[in-house]
Structure formats: structure tokens, C-alpha cells
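Colleague: Got a structure here, written out as C-alpha cells. Questions coming.
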Amino acid sequence: MSSTHLPGGNQALLGCSATELESWAVAEGQPAFRGRQLHDWLYAKGARSFDAITVLPKSWRISLQQRGLTIGRLLEVNRAVAVDDTTKLLLATVDGETIESVGIPTQQRLTVCLSSQVGCPMACRFCASGKGGLQRSLATHEIVDQVLSLREAMDRRPSHVVFMGMGEPLLNIEAVLASIRCLNIDLGIAQRRITVSTVGVPHTLPQLAELAMKRLGRAQFTLAVSLHAPNQELRERLIPTACAYPFETLLQDCRHYLAVTGRRVTFEYILLGALNDQPQHAEELAERVRGFQSHVNLIAYNPIDDEGFQRPNPETIEAFRRVLEQRGVAVSLRASRGLDQNAACGQLRRQHAAIG
């Protein structure tokens, strides 16, 4: 291992395991315990700079900085807090890009919603994240930092993680899996409390199943597949990239994922007023997922300022849920949070860009 580079040739420490940091410290001519000290300051104490890690020899800290190594922390440039304490952070990367992360508190838990890319290439009609297209994928340390930044901002330890922010996680599989390993092992968040959401990218679900077993030993996180429609025609209207991924092929890949990992799949379905929220849509959806070891999570649409989609009324939402339940489908309704502070995915970033 090079004495001037971190594992994998990275320049940021965040994302490295205790074992990797110990081995790297030894390669740097330091005792192995220096690596354990680094690990403690990175993950338990949330250090933002080498200067803050005063237990390390000053000469080594200076050397690390001179060689361009960093902790890998991002800079908070904006914060929005809703009346229910839902907190959205706008974080800046070293190359000047911005990403969003959201903390969603309840009395029992703190769920953090993470971005996996800067922007998004999927261009879903109802989502703010894809309006500006994709700039790039995030590195592992940029994903992990979002959890630390929300922990600092909310002064509370996150208990659950969902990859439901900006970007398509399955177009950044390696960094997402590396960050899951870090969140699990280094930050102590159980895999079963981590959810990876995807709109569906051809050939990636089998790849995810295989890589998760290799990288993590076992895939215990939850896979959430965003359907948002009960048939191919309507799905293509809402998700342009769906034209390359037939509905039945997507479901077959979900069955393969279940067979390989033993983990049931969650199907996400955003309810759009008068478009996909009628009883006949619920009947068709129930027919699609019947007999599938799965769970359907309904999401009422969060309005975006310049879009024509509408949020269904509560009676329509309940009627849709009831149809699924009566057809034997396991179903839940996600509570909407942070509506008063532009906390829907991608909205704070768009607002910041418009001002800037």
C-alpha cells in the first residue's frame, strides 16, 4: 500500500474501515493504533479537518494536508427546517456541486434520506431532482458525509437510512454498497434499517444482488422499486426511461433478486391526482403483485411549483389503499413530511440555484 494514498487510491479518509485505516497508518510509518484513533475521530466525533484531530502527531497532520489528503466532509450551504422538525440540508462538494439530504424525525427514530448522485438522469416527470439532468455520481465519502452532517445538524443519531434523495442508486452501485458497508460497520446502523430505492435500470437488479452478496457478505438492506404505475403504457408516460425496461422484465428481475437474497421487495407507488390514483389502477396493481413476496408503499405526491400534477385528496388515497388491502396486498401509506420547507426531493437545490 502506498504511503501517500489511502485504500483504493482515494484522497478522503471518510468511508475507510478501521482495518483499512490501521494498515494505512502502518504504511505511513505510524503505529497501528493511530488508525484506530483516526477511525474514532472520523465516525464517533465527526472531525472535519486534520487540525481537529489533536491526538495525532502534528508533523503527520501537516504532511497529510500537504499531500492533499482530506477528511472528506462536505460544506453546509443552506438549511430548511419544517414545523415538524423535518430538516433538509443543501451540501456543497469540493468541486462546487450541491446535493440534498433530509432528516425525518419521529419520537422513536431519525430517518435520513440520502442522495447518490448530483442531479439525476432518469427524468421522472413528477420529480424535481431530474429537472437539471445528471452532473456526476457521488463518491463513497460524499454519501457517508450526509449522515454525519444530519447527525450534527439535528444533534441526534440517525437510526434509519433511505437512498431516496437525488440520483439513481443503481447507476452508482459500487459507491452505494461501499457506503452501506460503512454505515453498517463504522456507524453502527443495521442493514435492515437501510433502504435502497430504484426506478429500475435494465440489468442492474441481478448485478445488485450479486455484488451485495460479495461486498457485504449478505444483502439485508431493503430494496424499494419505484413502480408508480400498474402498466407499461402509463409507466412510460411518467418515467421516460421505462421504455427500455418492460414491466414484466422488471418484475422478473425483482423475483430473481428475492431468490438470490431472500429479501422481499418493496414496491413504491406515487399517487398523482386523476392520473394513476383511481380504483381501477389499484385493481390492476394488485393483479400485478399478487402472489409476490412484497409490500406496496403508497406515497402522496409532493407538489412542485411549475408542474401540472396534483396531490390526490385523502378520500381518494384511502380508497386506493383499501382496494389493495382487500385484494390481499400488504400496503402502507408513507406520511408526507416537510411540505412547508421545500423538503420534497430536489426542490431546495432548485430554489438555491435560482437565487444564485
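Our numbering is plain: 1 for the first residue shown, then up by one each step along the chain.
Cβ coordinates are placed from backbone N, Cα and C, and glycine is handled just like the others.
Pasting the relevant annotations from Swiss-Prot:
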ACT_SITE  Glu100  active site, proton acceptor
DOMAIN    106-340  domain 'Radical SAM core'
DISULFID  Cys113-Cys345  disulfide bond
BINDING   Cys120, Cys124, Cys127  [4Fe-4S] cluster binding site
BINDING   Gly167, Glu168, Ser197, Ser226, Leu227, His228, Asn302  S-adenosyl-L-methionine binding site
Colleague: Tell me the Cα distance separating Gly167 (S-adenosyl-L-methionine binding site) from Cys120 ([4Fe-4S] cluster binding site), rounded to the nearest angstrom.
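Modeller: Answer for this pair: 4 Å between alpha carbons.
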Colleague: Going along the chain, which residues six or more apart from Leu227 (S-adenosyl-L-methionine binding site) have their CB under 8 A from its CB?
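Modeller: Leu227 (S-adenosyl-L-methionine binding site) has long-range Cβ partners Arg235, Phe267, Glu268, Tyr269, Leu285.
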Colleague: Around Cys120 ([4Fe-4S] cluster binding site), how many other C-beta atoms are within 10 angstroms of its C-beta?
Modeller: 26
Colleague: In whole Å, how far does the CA atom of Cys113 (disulfide bond) lie from that of Glu168 (S-adenosyl-L-methionine binding site)?
Modeller: 13
Colleague: If you measure from the CA of Cys127 ([4Fe-4S] cluster binding site) out to 10 Å, which recorded positions from the list Glu100, Gly167, Glu168, Ser197, Ser226, His228 are inside that radius?
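Modeller: Passing the 10 Å Cα cut: none.
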Colleague: Here are some binding-site residues: Ser197, Ser226, Asn302. Which one has the most Cβ atoms within 10 Å of its Cβ?
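Modeller: The residue with the densest Cβ neighbourhood is Ser226.
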Colleague: Restricting to the chain of Gly167 (S-adenosyl-L-methionine binding site) and a gap of 6 or more, list residues whose Cβ falls under 8 Å of its Cβ, or answer none.
Modeller: Ser115, Ser116, Gln117, Val118, Gly119, Cys120, Ser129, Leu134, Ser137, Leu138
